[in-house]
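Colleague: Below are the features I grabbed from Swiss-Prot:
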REGION    1-22  region 'Disordered'
BINDING   315, 319  Mg(2+) 2 binding site
BINDING   315, 319  Mg(2+) 1 binding site
MOTIF     315-319  motif 'DDXXD motif'
BINDING   468  Mg(2+) 3 binding site
């Protein structure tokens, strides 16, 4: 009996458990590491003298803006508003600018510019930016009897540049602005080849052809334009001083914010716990900074930066590491949105899921006192929808399935993140700035959001599809379009560019009165589109963040502007 119950002391034979083969994305390490932690330990305070000077300069500029507009002063005020906006300080003067441009609308209606191409174009752009649906028919007067733009305009470089910038405000069926874009691009390219003697103007031409004002990030444009404006002999010295001062004051705030986020990220120990993913905390903060740089959005920026950083880890888990079975488990846990679901996850997924739940719980608690914690539920649902789309793509990849292009878009526009990001960007904004109905608007995929997802997705697919296919990835839009239509890669890109151009027109249309939601909310979506346009302009600058992206971040978060 005893021998029958005895247990052998020899260890049981080991099971031959084979580690799953995982793709190797081989992302480079963080460019910034702990660089910004120094701003947490030694925060720079704004001294009373600087603060006083800032207020004095602001008041001087305000007085210049509130003077009544007349025909004689119209050009001066238009130039002042344009400079204020491009220097990144318009947020101080929203009310005054709105009043001035309302008066400028009357001058527009009275057709006071005659044959001045520069002024006509400038007024058109500023009024369109303000949401006024002014007619582009005004540019007909610059055409000859053959219906072409007058050749004499080719000598007016400043006017051509102004017209070029105005064409980027076009909406659908504005053929004259399409013609103007083609005309001005051709002429301005000739200006570059001819080596214009006015080097400051030449610099602006090169800059504009690379990234027009409508598509530029406010903060980066400010950094660039300060260097241009100070070389302008007719510049407003008060405005120049104020812009430099304001830039540096805001930079100190932004440095402290990214320091806070770096400390949070360091405590998560991402580089060790999630070594397969892109370590891009500072780049994610830069993304949030693109959405809103103004001081009143500090809470929103930090929330948005954390959300984007976590979503980036989840994205890489689906694209670059997780097995089909593991991703199904994570999707189920996310859809349940229950911390207890963590027990079903592989060990490496648990820190990400835990922090995702904790982050949204913390946001909800922070907003509770303001009576706006309801916002977090909208944000959660947008994240769940995106993760579900990630999993749909994982199923396609697992089954070696290449969908039709339209079928692909139904999922890929959600997985782009640009349906989720606008909703989440609203969450941390002030109580009175985002009415409840704005969350219903943004979460129902309105035209503005739909257009932004098209731009984000197609820009991504154009520049990233070859690298993604090399490492093993679901078919991108390029492959789907090529297969369905028997097209070449070049033909697919041409079609994508057409759709991106059309989406920009949708965005411009949505920013004209009557507005679906307040302009400052539309600007959040617009800024996200501007960021993604920059993001993919020279390849994938997020994945490969050690070149252009590093330079952009350094110019805004490291290098101050000499006064």
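Positions of Cβ are set from backbone N, Cα and C atoms, glycine also.
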Colleague: Over the motif 'DDXXD motif' (315-319), what is the model's mean pLDDT?
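Modeller: Residues in the motif 'DDXXD motif' (315-319) carry a mean pLDDT of 96 in this prediction.
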Colleague: Would you pick out, from the binding-site residues 315, 319, the residue whose Cβ has the largest number of other Cβ atoms within 10 Å?
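Modeller: Most Cβ neighbours within 10 Å: 319.
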Colleague: For the motif 'DDXXD motif' (315-319), what does DSSP give as the number of helix, strand and coil residues?
Modeller: 5 helix, 0 strand, 0 coil
